[in-house]
Amino acid sequence: MELRAFCVILLITFLAVSSQAAKNKKEKGKKGASDCTEWTWGRCIPNSKDCGAGTREGTCKEETRKLKCKIPCNWKKAFGADCKYKFENWGECNATTGQKVRSGTLKKALYNADCQQTVEATKPCSLKTKSKSKGKKGKGKE
């Protein structure tokens with residue numbers, strides 16, 4: 001009888017301690033809630049080179065926070081990594097400049113970034129013209 005009572009007390013103690021530990025862990029995961037609503041975020045600064053993982057600093061009143069961010073390595077540096085644009089198809093090749101042009105309209109500005117409403121992108125004209133395939137290649141009946 002004493003062994004049974006001891007086991008029950010031990011089990012209850014174990015459950016109480018583990019539930020308290022879980023509660024403390026949950027509270028530790030929550031960061032201090034801020035009453036700030038008007039955050040001003042800076043641009044994403046990469047940790048090395050000009051793309052990849054980095055940090056972004058934000059301020060609100062006297063509070064400062066840093067967030068992890070990522071700059072894609074194929075971004076157009078002239079437009080900024082926080083400005084997302086919807087681009088049209090490439091235009092015809094301009095023989096005098098040797099370039100194609102397309103324009104884009106602002107789709108989304110992340111972190112209140114200062115973005116241009118419309119932008120233009122250029123690329124050199126390709127030297128060869130691509131021929132369209134004349135049919136499916138592969139196995140099959142002719």
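Each residue, glycine too, has its Cβ placed from N, Cα and C.
In Swiss-Prot this protein carries:
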SIGNAL    1-21  signal peptide
DISULFID  CYS36-CYS60  disulfide bond
DISULFID  CYS44-CYS69  disulfide bond
DISULFID  CYS51-CYS73  disulfide bond
DISULFID  CYS83-CYS115  disulfide bond
DISULFID  CYS93-CYS125  disulfide bond
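Known features from Swiss-Prot, placed on the structure.
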{"residue": "CYS36", "record": "disulfide bond", "DSSP (3 states)": "coil"}
{"residue": "CYS44", "record": "disulfide bond", "DSSP (3 states)": "coil"}
{"residue": "CYS51", "record": "disulfide bond", "DSSP (3 states)": "coil"}
{"residue": "CYS60", "record": "disulfide bond", "DSSP (3 states)": "strand"}
{"residue": "CYS69", "record": "disulfide bond", "DSSP (3 states)": "strand"}
{"residue": "CYS83", "record": "disulfide bond", "DSSP (3 states)": "strand"}
{"residue": "CYS93", "record": "disulfide bond", "DSSP (3 states)": "coil"}
{"residue": "CYS115", "record": "disulfide bond", "DSSP (3 states)": "coil"}
{"residue": "CYS125", "record": "disulfide bond", "DSSP (3 states)": "coil"}
Give me the non-local Cβ neighbours of CYS44 (disulfide bond): same chain, 6+ apart in sequence, Cβ-Cβ under 8 Å, ordered along the sequence.
GLY54, THR55, ARG56, CYS69, LYS70, ILE71, ALA81, ASP82
Which number gives the other C-beta atoms within 10 angstroms of the C-beta of CYS60 (disulfide bond), all protein chains shown included?
15
How many Å separate the Cα atoms of CYS51 (disulfide bond) and CYS60 (disulfide bond)?
27
Looking only at C-alpha atoms, tell me how far CYS93 (disulfide bond) is from CYS73 (disulfide bond), rounded to the nearest Å.
27
What is the Cβ neighbour count of CYS83 (disulfide bond) at a 10 Å cut-off, with all protein chains included?
20
Same-chain residues at least 6 apart in sequence whose Cβ lies under 8 Å from CYS36 (disulfide bond)
CYS60, LYS61, GLU63
Give the distance between the Cα atoms of CYS115 (disulfide bond) and CYS125 (disulfide bond), rounded to the nearest whole Å.
28
Whole-number Å value for how far CYS73 (disulfide bond) lies from CYS83 (disulfide bond) (Cα to Cα):
15
If you draw a 10 Å sphere around the Cβ of CYS115 (disulfide bond), how many other Cβ atoms fall inside it, taking every protein chain shown into account?
17
Neighbour count first, Cβ atoms within 10 Å, every protein chain included; then name which of CYS69, CYS93 tops the list of disulfide-bonded residues.
CYS69
Report the same-chain neighbours of CYS73 (disulfide bond): residues 6+ apart in sequence with Cβ closer than 8 Å to its Cβ, ordered by sequence.
CYS51, GLY52
